[in-house]
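What follows is a single structure, written as structure tokens, with notes after it.
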């Protein structure tokens, strides 16, 4: 088929999470609560780290960046999902779909690289405590965060540059609630076997290997902590377990979605909801509920902002 004779699809239709109006209302209320809590939780982390001088350390500087990413990442999909749950016709233009894919992979890639930077920070703090302040200076942290965003940008450019030349001339129905490579790729009017293999290698294989690398890194860190003594050991172990939990919650759904052939499975929508909406909510909960220093800083900030709390 010659691409010049192909009529390009101008919009895609989502089947969404459910076809039932009652279920749509329940899901809307639930996901709206989750999204608002995600925004407030991550915003609270950003404000606390910014306003509390005791938290002006590399670890919290990186945590604030992760909170920014979580707000942006969830906002890429959640508002559209909420709108569609209240709409009979769930459509998205071709341009908006490609834009959503670009932002989704930019922020998702930056998130993965940022989690790697946080693992590096944790390793430096434990293995080289005397040189930690020098190695993880404010300038170095800024450079690492910038590199994380740039890595996400490059990853996203690769994804979108592979998709844009493809012809979309026939079916335009997506059995999902957001635009992503696996779903959109199945609607093209050409053979995508080689491209699918390339994207599985680029997304799935790299993500799996990166996840294994991070787990090995944290295992080394925990083994290093076993030989140390002192009051900081428990705090370091708590920090590491929080990191491991967040890494697992982020990577496992990614591996499920991208490290297999792009065929629809019954559990795909549930995993996608966890990946796109639930995970950004859990990150602030994990980092704050297990972190006494963060909770103390939030209480101090509350006393400063609410006059009655000072009494």
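Just so it is clear, glycine is given a Cβ too, placed from its N, Cα and C backbone atoms.
Over the topological domain 'Extracellular' (1-25) the predicted model carries a mean pLDDT of 79. The topological domain 'Extracellular' feature in Swiss-Prot is assigned to 1-25 (among others).
Residues or ranges marked as N-linked glycosylation site by Swiss-Prot on the basis of sequence analysis: 5.
Outside the transmembrane segment (26-49), and at least 6 residues removed from its termini, the chain residues within Cβ reach (under 8 Å) are 17-18, 55-56, 60-61, 63-64, 67-68, 70-71, 74-75, 78-79, 81-82, 85-86, 273, 277-278, 280-281, 283-285, 287-288, 294, 297-298, 301. What Swiss-Prot lists as transmembrane segment is 26-49 (among others).
Sequence annotations record features per position, and here Swiss-Prot assigns topological domain 'Cytoplasmic' to 50-57 (among others) based on sequence analysis. Among residues of the same chain six or more beyond the topological domain 'Cytoplasmic' (50-57), those with a C-beta under 8 A of the stretch's C-beta atoms are 64, 293-294, 297, 300-301, 304.
Away from its own ends, the transmembrane segment (58-79) comes close to residues 31, 34-35, 38-39, 42-43, 45-46, 49-50, 100, 103-104, 107-108, 110-111, 114-115, 117-118, 121-122, 125, 132, 136, 138, 141, 144-145, 148, 177-178, 239, 276-277, 280-281, 283-284, 287, 294 of its chain (Cβ-Cβ under 8 Å, at least six residues beyond either end). Here Swiss-Prot flags 58-79 (among others) as transmembrane segment.
The topological domain 'Extracellular' annotation in Swiss-Prot covers 80-100 (among others) and rests on sequence analysis. Here the topological domain 'Extracellular' (80-100) has long-range neighbours at 8-17, 24-25, 27-28, 31-32, 35, 160, 163-164, 168, 177-179, 184, 277, meaning same-chain residues at least 6 beyond its ends whose C-beta is under 8 angstroms from one of its own.
Other Cβ atoms within 10 Å of the Cβ of residue 189 (disulfide bond), summed over all protein chains shown, number 17. Marked as disulfide bond by Swiss-Prot: 97-189.
Nonlocal intrachain contacts for the transmembrane segment (101-120), taken as residues 6+ away from its ends with a CB within less than 8 angstroms of a stretch CB, comprise 59, 62-63, 65-66, 69-70, 72-73, 76-77, 144-145, 147-149, 151-157, 159-160, 163, 178-181, 184, 207, 210, 214, 217-218, 221, 243, 246-247, 250-251, 254. Per Swiss-Prot, transmembrane segment is recorded for 101-120 (among others).
Positions annotated as topological domain 'Cytoplasmic' by Swiss-Prot, on the basis of sequence analysis: 121-139 (among others).
Nonlocal intrachain contacts for the transmembrane segment (140-158), taken as residues 6+ away from its ends with a CB within less than 8 angstroms of a stretch CB, comprise 58, 61-62, 65, 101-114, 116-117, 120-121, 202. Annotation comment: Swiss-Prot describes 140-158 (among others) as transmembrane segment.
The topological domain 'Extracellular' annotation in Swiss-Prot covers 159-195 (among others). Remote same-chain partners of the topological domain 'Extracellular' (159-195), defined as residues 6 or more beyond its termini with a Cβ less than 8 Å from a stretch Cβ, comprise 1, 3, 6-9, 11-17, 76-77, 80-81, 84, 90, 92, 94, 96-98, 100-102, 104-105, 202-203, 257-258, 262, 264, 268-269, 272-273, 276.
The transmembrane segment annotation in Swiss-Prot covers 196-219 (among others) and is backed by sequence analysis.
The topological domain 'Cytoplasmic' annotation in Swiss-Prot covers 220-235 (among others).
As annotated by Swiss-Prot, transmembrane segment applies to 236-258 (among others), with the evidence given as sequence analysis. Note on the transmembrane segment (236-258): residues 59, 108, 111-112, 115, 118-119, 122, 125-126, 180-182, 199-200, 203-204, 207-208, 210-211, 214-215, 218, 221-222, 225, 228, 268, 271-272, 274-275, 279, 282-283, 286-287, 290-291 of its chain, located 6 or more positions outside it, place their CB under 8 angstroms from a CB of the stretch.
Summarising the annotation, Swiss-Prot assigns topological domain 'Extracellular' to 259-269 (among others). Sequence-distant contacts of the topological domain 'Extracellular' (259-269) (same chain, six or more residues past either end, CB-CB distance under 8 Å): 17, 175-177, 181-183, 185-186, 196, 199-200, 203-205, 207-208.
According to Swiss-Prot, the feature transmembrane segment maps to 270-289 (among others). Panel annotation: around the transmembrane segment (270-289), residues 17, 31, 34-35, 37-38, 41-42, 44-45, 63, 66-67, 70-71, 73-74, 76-78, 81, 176-178, 180, 242, 245-246, 249-250, 253-254, 256-257, 295, 298 of the same chain, lying at least six beyond its termini, place a Cβ under 8 Å from a Cβ of the stretch.
Taken residue by residue with DSSP, residue 97 (disulfide bond) is part of a helix. Cβ-based neighbour count (10 Å, all protein chains) for residue 97 (disulfide bond) stands at 24. DSSP gives residue 189 (disulfide bond) a coil state; it is part of no helix or strand.
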